[in-house]
Amino acid sequence: MEAEKKPPAVSDVGAWAMNVVSSVGIIMANKQLMSSSGYAFAFATTLTGFHFTVTALVGWISNATGYSVSKHVPLWELVWFSLVANTSITGMNLSLMLNSVGFYQISKLSMIPVVCLMEWVLNSKHYTTKVISAVVVVAAGVGICTVTDVEVNAKGFLCACVAVFCTSLQQITIGSFQKKYNIGSFELLSKTAPIQAISLIILGPFVDYYLNGRSLLNYNFSGGATFFILLSCSLAVFCNMSQYLCIGRFSATSFQVLGHMKTVCVLILGWILFDSALTVKNIMGMLLAVMGMVVYSWAVEAEKKAATPIPRNKSDMLDGEDVPLKARVSGLPTVDLEEGEMKS
């Protein structure tokens, strides 16, 4: 008799809710921290280094207290993954600096088809027409919500391409590593976070200086700024953890599609908290995006049910192909399990 599987500590809905709430929360906190009307902390790459430092600290405490178990993952794979992830972060920041906000949003939307293509190439994953249609609807809806002016230049386009490729590859690798090394989401995050933290803390200030010409050493860390940095770092722990959790349980494509719910939430909260404009175009785009997410969830669930083998009834269990090999030898009787009688 097989041992019962231990139920997951966080349900599927809980994992998605954690990701949406923490992601939206960190965007709101960073908006207050980094905007000129807030605390003008214009060091996004260094802030990400702070995020991974706190995440690494939480992972170390978890391992030390026995809450999580450390499993072996080759160091070279962790370094390779961290390099891809850090290139993704730097590329996104450079893309935002060099391109218009409209083109930056388009580049983020392009991650959905890129992830689909990479999963097909790397993992031989195929998608039904329903899933592809839902993805198109979501991308169209979010595009209507967010894309306004579109300006692009050669450097900005190159940075956007690098960012999209590395982000897509990073998200696919998270799922692959969890399956390959049979490692949990938080355990994997605990291994990658220290490497990313060290590299971003060292290189982050130089990248930020190139982006905005300001030095971290000259920044005035007031009490309010410090509070929002700590709040941002705390939310980042849950954001990173839930990202690894969602991708490990579902797929990078699902994470991208349903993750656009965060874009809708950010637009609504921006309207409520920061008096951002919310036009009819935004509302129609949000409704279209939500409809696409609902259709995508239904299509994926239908695909799973179609792939599930239908169990056969008891009368089929004694067909020749299911009878034990020893009982299939010519001339030997078989036993009727239900009646306990011998049959020739």
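Glycine is no exception: its Cβ is also placed from the backbone N, Cα and C atoms.
Between the listed ranges 81-106, 159-184, TrEMBL ties the annotation transmembrane segment to 81-106. Outside the transmembrane segment (81-106) by six or more residues, the chain places 44-45, 48, 142-143, 146-153, 155-157, 159-160, 162-164, 166-167, 169-170, 173, 177, 192, 195-196, 199-200, 203, 207, 211-212 with a CB less than 8 A from a CB of the stretch. Beyond the transmembrane segment (127-148), the same-chain residues lying 6 or more positions past its ends with a Cβ under 8 Å from any Cβ of the stretch are 101-102, 105-106, 109, 112-113, 116, 120, 253, 257, 260, 263-264, 267, 281-282, 284-293, 295-296, 298-300, 302-303. Sequence-distant contacts of the transmembrane segment (13-29), counting only residues of its own chain at least 6 positions beyond either end whose CB sits under 8 Å from a CB of the stretch, comprise 228, 231-232, 235-236, 238-239, 241-243, 245-246, 249, 258-259, 261-262, 265-266, 269, 273. Residues 12, 16, 19-20, 23-24, 27-28, 31, 111-112, 115-116, 119, 125, 127, 134-135, 138, 141-142, 145-146, 168, 171-172, 174-175, 243, 282, 286, 289-290, 292-293, 296-297, 300 of the same chain lie 6+ residues outside the transmembrane segment (250-274) yet bring a C-beta within less than 8 angstroms of a C-beta in it.
Under 8 Å from some Cβ of the transmembrane segment (41-61) lie the Cβ atoms of residues 30, 33-34, 68, 89-90, 93, 186, 189-191, 193-194, 196-197, 199-201, 203-205, 207-208, 211-212, 214, 216, 219, 225, 228-229, 232-234, 236-237, 240-241, all in the same chain and six or more residues away from its ends.
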